[in-house]
Amino acid sequence: MAYKGSVAKSKTQLALGHVILINSMKASTIANLGAFVVAAFMRKRQSLHLLRKEAQEKNHSICIALYNAALNNDWKAAEKIISADTRVKTAAITKLEETILHVAVGAQNVEFVEKLLKLLSDEDVLLQDSRENTAFSYAAASGNVMIAQLLMRKNEGLPFIRGGEGVSPLYLAASFGRAQMASFLYPKTIHILQVGERRGLFLQCINFGIYDLALKMFKEDISLVRARDLSNNTALHILAGKPKAFPEQNKYIWMKHLMKSSNNDDHHDHMKESSNEALKLVRELWRETLNNKDENCFRQIIDTPSKLLFDATESGNFMFLFELIRVCPDLLIERNEDDQTIFHVAALKGHKRIFNLIHEIGFKKDIITSMEDKFGNNLLHLAGTFVASSHEYDYGMRKILQLRQEFEWFKGCDASILINSTSNKPSEKTAGPNLTVRGYELIDEAKRRLEAACPSKVSCADIITLATRDSVILAGGPDYAVPTGRRDGLISNPDEVNLPGPSQSVTSAFATFRDHGMTLNEMVALLGAHTVGFAHCNFFSNRLTDFQGTGKPDPTMDPNLVTKLKALCAVGSDPKVFLDQNTSNIFDNEFYRQIRLKRGVLKIDQELATDPASSSYVATLASNPRMFSRDFGNAMTKMGRIATVGSAGEIRKNCAVFNPRPKSLISSVLDIAEKIIDPYCCVFAQLTPFFYRVSCPKAERVVKQVVLEAFQKDSSITAGLLRMQFHDCFVRPSEKDAGPNLTVRGYELIDEAKRRLEIICPSQVSCADIITLATRDSVVLAGGPNYVVPTGRRDGLISNPDEVNLPGPDESITSAFATFKDNGMTLNEMVALLGAHTVGFAHCNFFSNRLTNFQGTGKPDPTMDPKLVTKLKALCAVGSAPKVFLDQNTSNVFDNEFYRQIRLKRGVLKIDQELATDPASSRYVSTLASNPALFSKDFGNAMTKMGRIATVGKEGEIRKNCAVFNPRPKSLISSVVDIVEEIIE
């Protein structure tokens, strides 16, 4: 080892950036640095030259002796050498120009360092080796906090001196994975780091497993979610590739919790590893990512430089995946560049636990199992290949092939709401709750075009479902999956219209949803459709003046909204009152924010924000638009599966009329022959997305086009279609002439969709599917979520006005929920579905009792904002039955504003307002009001679930005309033929 005979270099000049950072420190700190400031900035340290050539051998031996003494913690030997020549205590003793202090610190010899420091000045400890590292940098790299403290007692400025390439001791500690040292230095030196250095430190902490410090940094600066390393990886990308950072959890029923509850906190009770900092960090990073309202920025974070979801899948990072999916389950159908889902990748990589998640994701497995990658492989191909060499996947494969029992919601989503009444038989269209349903023309037009393209292939039931989805998308809502394949029902009975009314309580409304297999969160998400809904004054007028006979407005309604609605309803023209008073034609989560501000127009909307059962979820949806989109889409997909009629239905030629029944043996035989020839004609009841991919490929496109045309003329059509699907699913489906159905609109739209579909693929697409699709599309157009719409419904064979039993506008939450519960929906699902009021409106007669003489008190409903009472009184006074928007802020925008409005006592309908006040729903309402993403998610999920309510299965028909049942066979022989058909199937 050559002895250079020189003192290790003192850092005589710091970079300009260092000077600025030091100068930016507090004056008291500067003063305390003492000699450090002088040494660093005032002068150069004189190099000390020992004997060179004259005594090279002697110096060499001294260097070795000092080095060994420092390395072996032999202070006596070192002290003896230093006593002989004190200059050597600051001399360079290695090729790297390290001093004895560098060596002792690197060897972590605390006693040696402590004694040596007594012989050194505060300037001596600033000496740097050839790489410009002080002994303090060595302490940082070794992670010995005790030595670092000893050095800092000698000179407080040491933590601020950067080493080679400008690396700070803090960054050096993180780079060596010295968690304790990094945590020690962080509060002392973080203020000197510039933005880029902070980001680098944050990512380095994650790289080397210092998750607690990374979490602390992120909480102090959430912009770190966008930080990227030299490989362009974000923190989430780094964590995705670190499966060992998360504890093994072998006994969780992960996705059951995911599918059965939307309350994020519910999962934490099941996760014993809550203290794990890596997991906490993932949660915080993901929450901030989802809160990003810029979709491009969101996609950039999760897709660049690679797809986050697939990075985690390839590395087998089960826990990381769960954290992402439990909050955003629609990621399950994301695809990579090979058109594969995470389940394809898991099968290929042999990650059993990830692959087996498929049996816990409910109806989504129907979608995923049918997906093919670009090589033509679906999950069954890949899993089958894997099972050939291993039995590990047997359980998962069995679950893939199992189909869950379809929810039954009366007669379900079978387009019976579209059937026209005849002189001797009323239909659901005229049932009381359905009288304000709109959009029939749109469905009819879609049917007309579909009949032209593929006659008798697409049911009116599927048209409704598809049109609803497309209208939601156009309004700005989520693009949820719509399983198709429904058949149109053969019954339309106004007595079966039983959707929760606008005055029901959350509990009552949820009872209806729960009975149809929907959860409370799904109900709350679906009610988020009120973000593009409106109501007439009669649906909430009792909240404006005489709420519950008090003679005062509903106290849960914002007084400003009361005033506004009074003014609106006073004009006497029965105006449309938007249920989302802020963004009435935009499908967003504004509805939830509105009800949280007591600005729910309908009583049931407002109660979502106040009922303890739903208020928390309302608050979440109000603050998380992405969650609202996701949950709304999922709920819509689920709703779309409610009790479809199966093969008992028909594919109507005209959505408003049942198909004529065959009248001769010949026609019956032809029907049998047609079924034998067409293998797709009898595949019903098992709703799946893309049901018409073979039988009528243009089906969804035709419906979407009809919805788009209607939306461009009248953006409020979203509300009409949402009401139509609600009424269609909650009854047999709902009947056109029943009282609640008289305000349903959109019949023309459904008829138009049916007309077009009958042209291209006759008798293939049911009216029930048209309603479901049209509703989804209108929600999307209004800014709402694009949720999954399973198709394949058949149209019902009965339309009975006595079956129209949706909860009314004055029902309590408890009463309304009873209806939802009876259809298998949860309370949250009811609250989410009522979020559809964000694009809804009502006529004055539905709420006028809230404005003047609520519940006989002679006063307005005290739950209504007095300003809203005044406004509604003025509106309803004009006498023209104006439409009053249920979302007073964003009436045509599908968002969570409805929930914010009802939390502000600005719910127009009593049932809306009660959503925000009823203990059962108020918490969820609060959640939705503050979480637009949650509202979108839960609404979509609830709509999807509602779309499956009691579909009529093979018992229905595909109507040729959505307003008319297909003709029925009238002879015994035709009945025999029906039996033969069943045998053939």
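Cβ atoms here come from the backbone N, Cα and C positions, even for glycine.
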Could you tell me which of C844, C962 is bonded to C876 by a disulfide, according to TrEMBL?
C844
TrEMBL Ca(2+) 2 site partner of D887, T890, D895, selected from T826, T838, T944:
T838
Which one is it, C655, C761, C767, that TrEMBL ties to C696 with a disulfide?
C761
Looking at the recorded positions H727, D728, C876, whose Cα is closest in space to that of H837 (heme b binding site)?
H727
Rounded to a whole angstrom, what is the C-alpha distance between T838 (Ca(2+) 2 binding site) and C761 (disulfide bond)?
35
Counting other Cβ atoms within 10 Å, pick out the least crowded of the binding-site residues D728, D887, D895.
D895
Within 8 Å of the centroid of the Cβ atoms of T838, D887, T890, D895, which other residues of that chain place their own Cβ, given that this set defines the recorded Ca(2+) 2 site?
H530, T531, V532, F578, L579, D580, Q581, N582, T583, S584, I586, F587, D588, N589, E590, F591, Q594, V839, N889, S891, V893, F894, N896, E897, F898, Q901
Name the residue among the disulfide-bonded residues C696, C761, C844, C876, C962 whose Cβ has the smallest number of other Cβ atoms within 10 Å.
C761
Rank aside, I only need the closest one: which of the recorded positions C696, R723, C761, C767, C876 has its C-alpha nearest to that of T890 (Ca(2+) 2 binding site)?
R723
Nearest-integer angstrom distance between the alpha carbons (Cα) of P807 (substrate binding site) and H727 (active site, proton acceptor):
10
I'd like to confirm something. Which of the recorded positions, H727, D728, D887, D895, has a Cα closest to the Cα of C696 (disulfide bond)?
D728
